[in-house]
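Down below is the structure, laid out as structure tokens.
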Amino acid sequence: MPRGGFPGGAPGGLAGGMPGGMPPGGFPGGSGQTGGRAGANGMGGLLNASTPSAEVVAALRADASSYRWAAATVGSQNAAGLQLGSGEPVMPIGGFNGSDPSPTLDEFKGYVASGDIHYFMGGGGFRGQNGGGNSGNEISSWVQANFTQVSIGGTTMYDLTQPLSTAGTAS
């Protein structure tokens, strides 16, 4: 048996691909490179998680130690992109695509009332990709109706420390 461990394998390892399998790169003629940017506003890697702009990263990092979560957004893919890009904790609302009932609207209101979350990311590429479910939609609607919208680096964000009115945050 050759040094690569498989009959017909490349000496010293699997650099030549597995026998009978795909060559390096995953397809005939492949370069062996994976990931990369899918466009100007996102990266192709982690299930198309978006990469936040430098301005959004700066906003999430500002006073982040004062909050349990620097931001919240619908869907774990969106939260992952924000968290990986900023290095700060981000609450994923509704699980993978925003359809799981976690947290509920009442639980989310409690986190906001306790000052645990600074921003809600409501657009600019950080919206639930499949529209979200009831919990994600309810939370998004409540935030939009009750908090100040800001645009940072072309991304729509809601500052959960700036209610439109003190009466509105209780509804």
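Every residue gets a Cβ built from N, Cα and C, even glycine.
Note that the structure is predicted; figures quoted are calculated from it, not measured.
What TrEMBL lists as region 'Disordered' is 1-44. Summarising the annotation, TrEMBL assigns compositional bias 'Gly residues' to 1-20, 27-44. For 57-146, the entry in TrEMBL reads domain 'Putative mannosyltransferase YkcA/B-like C-terminal'.
Averaged across the domain 'Putative mannosyltransferase YkcA/B-like C-terminal' (57-146), the predicted model reaches a pLDDT of 87. Residue counts for the domain 'Putative mannosyltransferase YkcA/B-like C-terminal' (57-146) by DSSP state, with H, G and I taken as helix and E and B as strand, are 41 helix, 15 strand, 34 coil.
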